[in-house]
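Here's the structure we're looking at; comments come further down.
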Amino acid sequence: MILEGAHRRSIARTADGAGVAILDQRLLPWEVKWVELRDAATAAAAIREMWTRGAPMIGATAAYGLAMALADDPSDAGLAAGYDLLVATRPTAINLRWALDSVRAHVADLAPAERAAAAFARADAIADEDAALCRAIGEHGLALLRTLHARNPHRPLNILTHCNAGWLATVDYGTATAPIYLAHDAGIPIHVWVDETRPRNQGALLTAFELANHGVPHTLVADNAGGLLMMEGQVDAVIVGTDRVTANGDVCNKIGTYLKALAAHDNGVPFYVALPYTTFDPATATGADIPIEERSADEVKWLTGPDAEGMIRTVRVTGSPAANPAFDVTPARLVTAYITERGVLDKV
Ligand SMILES: CSC[C@H]1O[C@H](OP(=O)(O)O)[C@H](O)[C@@H]1O
């Protein structure tokens, strides 16, 4: 099912203002289902179990989750318990901690009776700011894509992306996809190679869904195809999102990103990382210091999707042991530039 319109806001306050509505991304693209989160425990489950995902998106969700915690218990103990519950959901994306720290700082000195409303207001501001940041990333990235396309103006610009760094991973526009959307809308012929992104298949299920919804030409490929495509000259640039960029510019992103960066470096293909300031972590020195989330081995061993009758089923591919690191680290030396809301920077 295609959503009406193209990119859109992926989180919104409920009508009564007491909760938030998010898309259950585990069901996409087969079913478009908005679910309401009305307490901190449900918000934590939504993040931990990846009903919703993407660094800025889990930051916004956690911010609202802390506001809901304070609506239930505005005491210092309630603030601490809500913070601890939500910050423990996923360790790698710095946006989660950044957003929780921001809300906590905003309310800590307030009287308990004032905390929930102030926390919701701060969460609203975080969400609105993210949409604006991603739009600005798109504007700066658009200028870059115009320059790249001018080198071969008689054919579409070919971009490869990994995982989903789209409007589903943020409040709107996306980070890696924002320049793609704006370039398409500006009439620049663009085509996207979409890495399927095993094992959670965010590319196959989410990025392909987003691009189809926006009418952007794209081709789904196996994660291992990117190196050949670059060697054959079929990729003009790689653009990815990120979950954390450290003080020295190392980039933590979905598992497999590092291998794309190596292939890009070996083939002289520019490798760009798109991020808002909320994903930059100057307090962490290098990528070696980032906690890499290890998710359930079942994500590698099981597959979920519609059967011939359209029923969503999960099947086990193997009974063998499996390992499932969810992220890797691309050294700064392999990054051509960072596409940010402040511009395209050769270092952060
Ligand atoms: C714009 S942040 C997107 C970033 O988050 C994804 O991770 P996950 O799907 O596990 O939340 C992936 O690393 C994307 O690049």
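Just so it is clear, glycine is given a Cβ too, placed from its N, Cα and C backbone atoms.
As written in TrEMBL, here are the features:
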| type | residues | note |
| --- | --- | --- |
| ACT_SITE | ASP243 | active site, proton donor |
| BINDING | ARG53, GLY54, ALA55, ARG90, GLN202, ASN253, LYS254 | substrate binding site |
| SITE | CYS163 | site 'Transition state stabilizer' |
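Known features from TrEMBL, placed on the structure.
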{"residue": "ARG53", "record": "substrate binding site", "Cβ within 10 Å": "23"}
{"residue": "GLY54", "record": "substrate binding site", "Cβ within 10 Å": "29"}
{"residue": "ALA55", "record": "substrate binding site", "Cβ within 10 Å": "29"}
{"residue": "ARG90", "record": "substrate binding site", "Cβ within 10 Å": "22"}
{"residue": "CYS163", "record": "site 'Transition state stabilizer'", "Cβ within 10 Å": "30"}
{"residue": "GLN202", "record": "substrate binding site", "Cβ within 10 Å": "27"}
{"residue": "ASP243", "record": "active site, proton donor", "Cβ within 10 Å": "31"}
{"residue": "ASN253", "record": "substrate binding site", "Cβ within 10 Å": "29"}
{"residue": "LYS254", "record": "substrate binding site", "Cβ within 10 Å": "25"}
Cα-to-Cα gap, the residue listed as 'active site, proton donor' vs LYS254 (substrate binding site), nearest whole Å: 8
Among the substrate-binding set ARG53, GLY54, ALA55, ARG90, GLN202, ASN253, LYS254, as the record gives it, the longest Cα-Cα distance in Å: 17
Shell list (substrate; ref centroid = CB of ARG53, GLY54, ALA55, ARG90, GLN202, ASN253, LYS254; cutoff 8 A): ILE58, ALA93, CYS163, ASN164, ALA165, ALA169, GLY241, ASP243, ALA326, PHE327
DSSP state at GLN202 (substrate binding site), helix/strand/coil: helix
CYS163 (site 'Transition state stabilizer') and ALA55 (substrate binding site), Cα-Cα, nearest whole angstrom: 12
Distance [Cα-Cα, Å, rounded] between GLN202 (substrate binding site) and CYS163 (site 'Transition state stabilizer'): 5
Between GLY54 (substrate binding site) and CYS163 (site 'Transition state stabilizer'): CA-CA distance (Å): 10
